[in-house]
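Over in Swiss-Prot, the protein carries these features:
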- Gly12, Ile13, Asn14, Gly15, Arg16, Val17, Asp39, Gly86, Thr87, Thr88, Ala110, Ala111, Asn112, Tyr113: NAD(+) binding site (BINDING)
- His144: active site, proton donor/acceptor (ACT_SITE)
- His145, Gly154, Thr155: (S)-2,3,4,5-tetrahydrodipicolinate binding site (BINDING)
- Lys148: active site, proton donor (ACT_SITE)
Amino acid sequence: MTTQGVRIGIAGINGRVGRLLREEVTTGGGILSGGTARDAAPASDVFATLDALAPRCDVVIDFTHAATVRTHADILARAGVAWVLGTTGLSAADLEAVRTAAGRIPVVHAANYSPGVTLVTRLARQMAAALPSATYDAEILEMHHRQKVDAPSGTALAIGQAVADGRGIDLASHIEDGRTGHTGPRRADAIGFAVLRGGQIVGEHTVSFTSATEQIALTHRSFDRRIYATGAVRAALWLRGQASGLYDMEDVLGLD
């Protein structure tokens, strides 16, 4: 499958990740076809709406805001444009819109486009399957910069979902977070979350499995947001020629 000549658009091209994506598209072998921004200038390759950008693109990379997801899903599905979605903090209705779009176009949706995080998530699923909750307590700790607006992070929730999948349980009914006061003993089947915010930490995630006799922990630290842009461009190039459907970074990395 060739990746030459893939026209890539960037939703939110002037944002923190968008600016990195602009650089990575060119160095990664794609063709930058433009982007969207609220401060778009007339007669440029930056547009005020995704409707205007979509016809110029084979793929759109989207790290914007949860509030735009349902609108973007509809626009890209109607335009037949593939979608790399990295927005986190999505509601059930947002996720349903993503799944509906994936019935018409190829979509890669991931909370984190780092290859390292993808591997940590996969290993967490395997570890959870091998280490029973009756004896191994699963806990997830995440740290991010002070500007981050959602908690736990999308990546932490994705790791938690992997733990739940490995143990064959529902994540929503097994989350323990925000512990304070007299909480009583820890539930044996709980998946615990702890959140730290401060400074300019790009991202750090640790998943641990602790018994009475040992602890196994996996930690991933991001030093530069560029890793997310590099991974997202890799996903965009991979999408060329893919059938409609919902994919993740494990698919992009060929891990399944």
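Quick reminder: no glycine exception, Cβ is built from N, Cα and C everywhere.
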Other CB atoms, at most 10 A from the CB of Gly12 (NAD(+) binding site): 22
Among Asn14, Thr87, Asn112, which are binding-site residues, the residue with the most C-beta atoms within 10 angstroms of its C-beta: Asn112
Are there recorded positions among His144, His145, Lys148 that sit within 10 Å of Ala110 (NAD(+) binding site), Cα to Cα? If so, list them; otherwise say none. none
Length of the line joining the Cα atoms of Asn14 (NAD(+) binding site) and Lys148 (active site, proton donor), in Å: 18
Around the Cβ of the residue listed as 'active site, proton donor/acceptor', other Cβ atoms found within 10 Å total 25
Using a 10 Å cut-off, grab the number of neighbouring Cβ atoms around the Cβ of Lys148 (active site, proton donor), all chains included. 16
Rounded Cα-Cα span from Thr155 ((S)-2,3,4,5-tetrahydrodipicolinate binding site) to His144 (active site, proton donor/acceptor), Å: 11
